[in-house]
Amino acid sequence: MREDETPVMASARIAETLGDLRLSTGELSSLASAIEQRFHNILRLRSGVDPSSIPLPLEPVDWYRNGYRNRDALSRPSMQIGYAAGDYYLQDAGSLLALACAEADSPESLNGKLVCDLCAAPGGKASAVAEVLDSGFLLANEPIRSRIPALLYNLSRTGSDRFAVTAMDPEKLAMKLPGTFDVVLVDAPCSGQALLGRKRQSSSAISAHQIEHSAARQRRILTAARTLLREGGRLIYSTCTFATAENEDQVNWMLESLGMRPMPAERLTPYASPIAPASYRLWPHLHDCAGSFAASLKLDGPAESPRKHRVAKPSKPDAKLEDWFAGVPADIRFFGGDANLYALPSDAPDWVESVAVQGAEVAHRTGKVWKPSHAASLRRRGVLQSRQFMDIDEDAARVYLSGPPIPSTLRGWAVVRLAGRPLGWVKCDGRIGKNHLPTAARWTASKNASS
Ligand SMILES: C[S@@+](CC[C@H](N)C(=O)[O-])C[C@H]1O[C@@H](n2cnc3c(N)ncnc32)[C@H](O)[C@@H]1O
């Protein structure tokens with residue numbers, strides 16, 4: 001909001017962007033009180049994790065099966081051992097609306113599918129998809145390169161090797177992979193009105209100019225998304241803004257101009273928008289979250305013809321993978337440059353190596369020396385599992401997560417595990433294990449001080 005603007009003034013300006021969605025005076029004043037609020041992130045539990053195993057007062061979110069609110073506002077869920085062990089991801093409850101449209105909380109609905117997340121960083125939705133793919137593949141695209149490290153970090157935490165990352169303009173990607181995907185997610189860059197309260201967006205989010213600029217960009221991205229879909233494929237569109245020009249108007253435009261049809265998500269009926277089909281809204285004053293929009297559509301009619309791709313000649317790694325991993329299957333596909341090595345399951349789509357810039361990292365090189373990557377230590381399924389594990393208890397895990405070496409009688413590289421969940425590497429010499437947890441994953445003194 002502007003410095004000189006009260007929440008009442010800001011909400012009145014938001015109301016002007018709502019088109020045919022008329023708010024009553026009472027709703028408007030509730031919105032005014034709510035938009036300044038800071039909403040706490042919710043926990044999106046990995047499927048199979050028992051909520052009662054998390055030592056926080058959790059309460060389920062209505063619109064997503066694995067979503068839980070933490071009712072203790074003073075606790076820090078990111079400083080729990082379960083977070084370090086990959087039991088949950090932290091995100092705004094509103095972003096679960098798009099995941100509910102994609103049915104990412106029913107693993108069987110996405111499993112085996114080819115999914116493209118066209119605007120993927122930092123990976124709040126892509127990580128939910130990667131988590132449930134036992135077969136199939138996720139292409140996570142993010143054109144802003146500086147946002148890719150966070151995306152990769154969050155994808156690695158899933159323990160999956162069924163993903164690759166591209167950094168393309170959606171139109172370029174669509175030219176390379178027409179008619180390819182079963183599901184395309186477009187969590188579009190938008191004017192971001194729902195971020196006003198978190199001070200992550202300025203008052204320009206409400207300006208007509210900003211809204212029109214965002215809407216035009218969204219139409220370009222959506223046109224590319226339609227090209228990427230195979231026949232009968234699903235498009236999930238979402239934003240974190242309230243303006244109808246970026247939400248329902250875009251849905252109605254896709255129905256008229258892109259050959260899409262609505263695919264309502266029955267369980268989201270309580271959140272249905274009255275002015276476009278298969279479109280859903282969460283509001284800060286009603287749903288205890290920053291607010292979001294999501295729509296679920298299907299390609300009705302012929303898809304673009306997919307292009308033929310030649311399977312890339314696998315690059316032969318010069319890293320000594322056998323030293324770290326139990327068996328390296330002959331059909332595994334590697335790609336990467338001089339300093340990073342990524343691996344793909346043998347059934348990954350043919351086109352991956354021709355578009356991907358990064359993927360599930362196996363090893364990286366510092367100087368002349370290859371080392372196993374942190375991402376590979378977190379691998380929960382698929383090929384390339386560690387040769388050695390070091391199982392520790394919770395007290396020892398707390399020490400490991402703070403960064404010092406830990407005692408070990410092993411020799412060589414080993415993955416430290418807590419109750420079967422991987423935490424990271426140690427390099428052991430028969431006496432101690434040198435801690436190879438990356439700084440970003442450590443519980444530093446400063447993180448603890450503010451917890
Ligand atoms: C709302 S955020 C996506 C959040 C992400 N899906 C998640 O759940 O963590 C929108 C993303 O779109 C990216 N973006 C910006 N311009 C884009 C474009 N022209 N095409 C595709 N993505 C774009 C932004 O860099 C940003 O990462």
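All residue numbers here begin at 1 and follow the chain in the order shown.
Cβ coordinates are placed from backbone N, Cα and C, and glycine is handled just like the others.
Marked as domain 'SAM-dependent MTase RsmB/NOP-type' by TrEMBL: 9-300. What TrEMBL lists as S-adenosyl-L-methionine binding site is Cys119, Ala120, Ala121, Pro122, Gly123, Gly124, Lys125, Glu142, Asp169, Asp187. The feature active site, nucleophile is assigned by TrEMBL to Cys240.
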* **Under 8 Å by Cβ from Asp169 (S-adenosyl-L-methionine binding site), counting only residues of that chain that are 6 or more apart** => Pro143
* **Distance, Cys119 (S-adenosyl-L-methionine binding site) to Cys240 (active site, nucleophile) (CA atoms, angstrom)** => 13
* To do: Among Cys119, Ala120, Ala121, Pro122, Gly123, Gly124, Lys125, Glu142, Asp169, Asp187, the annotated S-adenosyl-L-methionine contacts, find the widest CA pair distance and round it to a whole Å.
  => 20
* Structure fact -> Cβ neighbour count (10 Å, all chains) around Ala121 (S-adenosyl-L-methionine binding site) is 24
* For the recorded positions Cys119, Cys240, which one has the sparsest Cβ surroundings, going by other Cβ atoms within 10 Å? -> Cys119
* Asked: What same-chain residues, at least 6 away in sequence, bring their CB to under 8 Å of the CB of Lys125 (S-adenosyl-L-methionine binding site)?
  -> Ser95, Ala98, Leu99, Ala102, Ala104, Asp117, Leu185, Asp187
* Asked: What same-chain residues, at least 6 away in sequence, bring their CB to under 8 Å of the CB of Gly123 (S-adenosyl-L-methionine binding site)?
  -> Ala140, Ala150, Leu151, Leu152, Tyr153, Asn154, Leu155
* Asked: When the pLDDT values for the domain 'SAM-dependent MTase RsmB/NOP-type' (9-300) are averaged, what is the result?
  -> 94
